[in-house]
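In what follows, a single structure is set out as structure tokens and then discussed.
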């Protein structure tokens with residue numbers, strides 16, 4: 001009776017070990033990305049806009065950096081700051097690696113978002129954040145390029161208005177290739193994980 | 001005579017109403033904070049509300065000496081990933097229930113500060129309820145990049 005029990009135990013252990021080694025095999029080739037892989041589905045980063053220092057910049061100025069493209073506007077007190085605050089935490093978790101990253105906050109409200117207003121805004125979140133604005137047509141061209149719709153909601157009596165905008169964060173590698181798409185629902189851990197991969201020298205782009 | 005009777009009855013009802021009313025009396029507020037944004041940009045206010053009463057408490061707005069404009073808003077996201085802000089005129093806190101004004105959800109949009117608030121300040125904002133009762137709440141001013149829920 002005891003022997004039978006022992007045999008059963010050994011049998012169970014063998015199955016357990018076998019399944020463990022199998023899952024270990026699987027872990028040799030894990031899906032590398034935790035965010036949505038958009039490689040080949042979105043065009044390379046390309047724009048000509050004005051940065052928050054008032055300087056004309058193009059996508060080429062950010063070559064060599066992993067860029068996080070996010071559309072928003074400064075008169076957005078709730079969702080835009082939440083996203084930027086999350087990205088700030090991600091930058092902190094990346095530590096020294098964060099020097100290889102730029103957060104590109106593109107205003108979809110260029111009428112109100114002058115470089116000076118944008119500078120104060122992005123600086124309040126993270127030193128790696130850059131505010132970008134431009135003519136309404138240049139901004140629209142960029143949003144269309146990434147199918148990031150935005151609309152200006154009907155104005156209120158006092159002349160103020162709200163802007164609806166896409167909430168995705170588009171991630172480009174150092175060569176300006178579109179690689180990943182994050183949504184505000186994605187955890188900071190996922191962003192940190194994938195940015196680590198993109199920033200590591202072994203990444204073949 | 002009938003008029004007088006009706007008047008007495010009406011005022012009696014009103015008095016009774018007033019005596020047990022006060023939705024605000026049953027609501028407790030916690031984790032009240034403001035995300036401060038630079039310059040004259042609108043800020044947002046967040047607070048967790050609990051209704052210990054036996055009937056709904058309905059938040060209809062808020063006001064403050066510190067901000068000329070305080071509005072109850074809701075951020076929503078549609079299926080296409082578009083973020084949108086809408087004005088909320090009534091927000092019911094169910095009896096024995098909780099509602100949170102929290103990032104990416106309900107929030108107070110605070111505009112036209114009387115004087116520029118500083119991180120670490122506490123700012124008094126009074127929550128207004130449907131029955132005319134009020135709940136004063138002290139909100140802690142936190143930096144723009146505050147990420148945890150306080």
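Glycine too: its Cβ is placed from the backbone N, Cα and C atoms.
According to TrEMBL, the protein carries these features:
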- A:76, A:80, A:165: Cu cation binding site (BINDING)
- A:76-A:80: disulfide bond (DISULFID)
- A:36-200: domain 'Thioredoxin' (DOMAIN)
- A:1-26: signal peptide (SIGNAL)
Averaged pLDDT, computed only over the residues in the domain 'Thioredoxin' (A:36-200): 91
Cβ neighbour count within 10 Å of residue A:76 (Cu cation binding site): 28
